[in-house]
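As written in Swiss-Prot, here are the features:
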type	residues	note
COMPBIAS	12-22	compositional bias 'Polar residues'
COMPBIAS	23-32	compositional bias 'Basic and acidic residues'
REGION	12-33	region 'Disordered'
TOPO_DOM	1-59	topological domain 'Cytoplasmic'
TOPO_DOM	101-135	topological domain 'Cytoplasmic'
TOPO_DOM	157-172	topological domain 'Extracellular'
TOPO_DOM	218-232	topological domain 'Extracellular'
TOPO_DOM	254-266	topological domain 'Cytoplasmic'
TOPO_DOM	288-314	topological domain 'Extracellular'
TOPO_DOM	336-356	topological domain 'Cytoplasmic'
TOPO_DOM	400-425	topological domain 'Cytoplasmic'
TOPO_DOM	447-485	topological domain 'Extracellular'
TRANSMEM	60-77	transmembrane segment
TRANSMEM	80-100	transmembrane segment
TRANSMEM	136-156	transmembrane segment
TRANSMEM	173-193	transmembrane segment
TRANSMEM	197-217	transmembrane segment
TRANSMEM	233-253	transmembrane segment
TRANSMEM	267-287	transmembrane segment
TRANSMEM	315-335	transmembrane segment
TRANSMEM	357-377	transmembrane segment
TRANSMEM	379-399	transmembrane segment
TRANSMEM	426-446	transmembrane segment
Amino acid sequence: MSEGVEAIVANDNGTDQVNGNRTGKDNEEHDGSTGSNLSNFLWHGGSVWDAWFSCASNQVAQVLLTLPYSFSQLGMLSGIVLQIFYGLLGSWTAYLISVLYVEYRARKEKEGKSFKNHVIQWFEVLDGLLGSYWKALGLAFNCTFLLFGSVIQLIACASNIYYINDHLDKRTWTYIFGACCATTVFIPSFHNYRIWSFLGLGMTTYTAWYLAIASIIHGQAEGVKHSGPTKLVLYFTGATNILYTFGGHAVTVEIMHAMWKPQKFKYIYLMATLYVFTLTIPSAAAVYWAFGDALLDHSNAFSLMPKNAWRDAAVILMLIHQFITFGFACTPLYFVWEKVIGMHDTKSICLRALARLPVVIPIWFLAIIFPFFGPINSAVGALLVSFTVYIIPSLAHMLTYRSASARQNAAEKPPFFMPSWTAMYVLNAFVVVWVLIVGFGFGGWASVTNFVRQVDTFGLFAKCYQCKPAAAAAHAPVSALHHRL
């Protein structure tokens, strides 16, 4: 892999050392001009707050719209309990990833290696700590997950805009938003998401509380039923969507590397998750309370919301946020591709953007093939997220500190709430076994079964997934349209 200069990004953490006292923020204090200060304020982020906004914003994107669908599959109680359970589980494995990053960087810096001109990624951490086989494993799962994570954001864009303008079908909207999302090739790195992360979280916060308040004001639909859970296949499909929801930390290493003091990341993801709970639980519970089993055929919560200015505002804000989240998922892929083709040290932002474009093309194509908003989340959660951000980090932590000398010289000791290394091993083993059996095993069976059912029903390259039939829409009374796609 090339160790080129990330030339188009200010070297925010160029002098930062895990083992030392210097931080990259020193580099930003060289220019006191108003223009430079404004640019740094909006464009160059590396603080603890920047990392918190990035984690929270990235974690809670379009899943807000599919969680009510999951509640209809799981039932109210299971939906709430599993959100809390997987939220805490995800926070733990994000903590493990941060510990392994600090360990890798500390070891390399002791050897005299500088990361001033290199963006560290998860597969490189695995390579440095455990060897080339783990590097290949991490690279395969991480890249595939981020690829499909980007696909899901693109599908969500087309699904959402359709509820404002249904003159174009969802496939056409996918073409349009694929071109729009391709502009993320011009965003250099996670340093440069400062203002976008802040705005993105604000937009999702509005959407979450709109869903909750609008559902409560609407009240329960006539004849509403809350039958879930009724079938095992639906139950585990819903559970894996929640596993997917709180598995958004595949970009943890890149977010940490963008920080001025990455060793401060340890509990940031947990703090972000606690805030995310205030968005996901009230909104999903309220929508499910109002519409019940109708959500089983409406994987996008917007489809059941009354059409008005408040809903349109929520749709538009979610579209903007999905563009941001698309960039979050794609940026690590851009880095990998740049290193593969030897363009990571290119100074020209335009040449670098041009080199990144081939990454967007397969994402665009896959979004057109599999436009199944909702079911695809569960499939990705079971088959990719389960390994990428739950099983692999837990196993990697156990193997990294398997020897007494490694534990004694660890850059990060067990956290204050863990009495010993043994307790950490027990918890890590539980995560591996639980996610392997419940997430990948039962979840994989259920989500793939449901996904295949969507393919059989709608076909690949579906022109307008879950759209209302034109004839039915023309004759439906206006009031009834509030409860239809």
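Glycine too: its Cβ is placed from the backbone N, Cα and C atoms.
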Residue numbers, six or more beyond the limits of the transmembrane segment (267-287), whose CB comes under 8 Å of its CB atoms: 48, 51-52, 55-56, 59-60, 63-64, 67-68, 70-71, 76, 79-80, 83-84, 87-88, 90-91, 94-95, 98, 204-205, 207-209, 211-213, 215-216, 245-246, 249, 252, 295, 301, 304
Contact between the transmembrane segment (80-100) and the transmembrane segment (197-217) (at least 3 Cβ pairs under 8 Å, separation 6+): no
Residue distribution over DSSP helix, strand and coil in the topological domain 'Cytoplasmic' (400-425): 11 helix, 0 strand, 15 coil
Per Cβ pairs under 8 Å, the stretch of 136-156, 197-217, 315-335 packing most closely against the transmembrane segment (357-377): 136-156
Stretch among 197-217, 315-335, 379-399, 426-446 sharing the most Cβ pairs under 8 Å with the transmembrane segment (136-156): 315-335
Tertiary contacts of the transmembrane segment (426-446) (same chain, 6+ residues out, Cβ under 8 Å): 89, 92-93, 96, 232-237, 239-240, 243, 378, 381-383, 385-387, 390-391, 394-395, 397-398, 418
Counts of helix, strand and coil residues, the topological domain 'Extracellular' (157-172), according to DSSP: 8 helix, 0 strand, 8 coil
